[in-house]
């Protein structure tokens, strides 16, 4: 007999835009849905669009004091020293009070957090838990619905890299990352891909609540391995740029010996790892301040059990 998980119906969904204030697809879509909610309405489900970082949105910057998408850990969410808290930590506590508390039964069922990247990643879904059958099933549905358009899945489960994302307060946190799009700019093709992803995600939830059983599935994902830094000299100055052979090659294999960086005097720096990796977030503008040239991933397959709703509508 096929193993099956019987899960509670999804009652509350949030759609976050503006976690980074200069990633405009999510900002524009959420502001549109705040005025025209019929597009995202689904029977029996509360769907709430929400601008997470209005201070950054107003200034069209990534953040005001610190990255909102990295402060949703227990230390920041419980910090009561109001006089010294950054703007984003205060926002995190406020958001947690509305959509959380994180890790509790009162937290929202699903949060869809909308992001743009300057990297050539296309449509990307971000998974936080490799054992979350509900989200894996949703991603499989979205990928199938988006075909033939590619829709990659990035798994950010990692023993050392702790993300503490804005969406992590939900029972099922979902990142939506679409690019390439410059910061502070809107592109119609990028916005359309993001809009379609949200439609398919909400449709999946609606079908699930209606009693549709989703059979066991497998999902190809790219699991985060490490972040690769730019070469720097003793003074901390960047001494090389992304090699042209690597530029815009997100999700494609990088083999040992392949060109990785190019110095300004024309010297090629090769990838010296011991296995094939799949880079992503290549030359992401927002990560220059983090000295992060790209992220390496490994390709793997996840399996999800069949799921159905305990109390179909």
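Glycine is treated like the rest: Cβ placed from N, Cα and C.
Binding site for Zn(2+) per Swiss-Prot: 20, 23, plus 115 from the candidate set 32, 36, 115. In the set 70, 164, 166, none of the binding-site residues has a C-alpha within 10 Å of the C-alpha of residue 23 (Zn(2+) binding site). Residue 115 (Zn(2+) binding site) sits 5 Å from residue 177 (substrate binding site), taking the Cα positions as reference. When Cβ atoms from all protein chains are considered, those within 10 Å of residue 23 (Zn(2+) binding site) total 27, not counting its own. Looking at residue 62 (substrate binding site) and residue 20 (Zn(2+) binding site), their Cα atoms lie 4 Å from each other.
For the binding-site residues listed here (20, 62, 70, 115), the lowest count of other CB atoms within 10 A around the CB belongs to 70. Surrounding the centroid of the Cβ atoms of 20, 23, 115, where the record places Zn(2+), the chain contributes additional residues within 8 Å, namely 18, 19, 21, 22, 26, 62, 69, 114, 116, 117, 177, 286. Note: the CA-CA distance between residue 164 (substrate binding site) and residue 20 (Zn(2+) binding site) rounds to 15 Å.
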